[in-house]
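**Q** Starting off with a structure, shown below.
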Amino acid sequence: MKHYHQHYSSFWPKLEEARLGHWQNALEAALETALDPDANGNLPKWLPALETVMAFPSSDSAELSQSAIKAHSQPFSEDDKEKLTQALKAFMPWRKGPFEIEGIYIDTEWHSDWKWDRVSPHLSSLKGRKVLDIGCGSGYHLWRMLGDGAELALGVDPGLLFMTQFLAIKHFVGESLPAYFLPLTLEQLPKTQPSEVFDTVFSMGVLYHRRSPIDHIMDLKRYLKPGGELVLETLVIPDAQGQLLVPKERYAQMNNVWFIPSVQELGHWLEKCGFKNVRCVDLDQTSVKEQRTTEWMNWNSLADFLDPNDSNKTIEGYSAPLRAVMIADKPC
């Protein structure tokens, strides 16, 4: 587990710079549990593959401001390229991306670049900002945030597979870059004050998995500085269908979907939580071109979760996934 723990050697000074040094003791205790070698039965498969990845030299240059996060050096030999490909494939399924590492294109399930293209034009400039990304997955958007000038990009996601993918990418993209990963939930972050230090807080694709969406929004607000910006992306239902959908069992084959509000209702939630200037900046029905099965994620994907006779409905008969991006400001 050494590479997981080494990730934090440069993180603690960054935390101090962000006026969150008082978090360190609590985070170290939480990480000790999260990074227990027995925490995930797949670690015996991932750890040797991660060692293989880390044995390769870091890349000479990286590109963070285009669709695929790229890292490249002198061309690898075909043998080395195949060795690296197999090591990276040990971390399947790759869900959020895409990435291109030394000529190896990791075609992820999601075109996360498409989401970023929809979100980024509406953001306040990220230049010099401290950014918190809740539910960051493999960390694709953390790199895009740095590409747009963020001073610090901190991702939070309990998935150890996602952290493993992130560490593999960071090895090539740049170990010194200020992007970090905490394999925790939002609820596990320290609540000791001051905690209102982040200029922008993202929560994308998380709210509908929360049993208490209002608590989730309030938790997000806790870490925003006064005047900071919340970016909330979640499933919604068309306004014409009412205010709220509570799926009876599964939604698009997901059994952990609790509340899907209309855009109007979601706006009311944000206002109830004390946010101002609440606006919906994007509304998009997810297509089978944006979320699909690939060589790097060869499990079922969106096409398998929709009604085979009507792609505007899920297999359970609900409206197909419609995602809204809401932006709101925390009062000064």
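The backbone N, Cα and C atoms fix where each Cβ goes, glycine too.
Since this is a predicted model, take the numbers as computed values, not measurements.
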**Q** Which of Lys96, Lys127, Lys221, Lys313 does Swiss-Prot put in the same carboxy-S-adenosyl-L-methionine site as Trp110, Lys115, Gly135, Leu186, Glu187, Met204, Tyr208, Arg323?
**A** Lys96
**Q** Here are the binding-site residues: Lys115, Arg323. Which has the lowest count of other Cβ atoms within 10 Å?
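**A** Result for the binding-site residues Lys115, Arg323: minimum number of other Cβ atoms within 10 Å at Arg323.
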**Q** So how many other Cβ atoms are close to Lys96 (carboxy-S-adenosyl-L-methionine binding site), meaning within 10 Å of its Cβ?
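**A** For Lys96 (carboxy-S-adenosyl-L-methionine binding site), the 10 Å Cβ neighbour count is 24.
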**Q** If you draw a 10 Å sphere around the Cβ of Leu186 (carboxy-S-adenosyl-L-methionine binding site), how many other Cβ atoms fall inside it, taking every protein chain shown into account?
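**A** Cβ-Cβ neighbours of Leu186 (carboxy-S-adenosyl-L-methionine binding site) within 10 Å number 22.
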**Q** Taking only same-chain residues 6+ apart in sequence, whose CB is under 8 Å from that of Met204 (carboxy-S-adenosyl-L-methionine binding site), what do you get?
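**A** Long-range Cβ contacts: Lys115, Val119, Asp133, Gly135, His141, Val231, Leu232, Glu233, Thr234.
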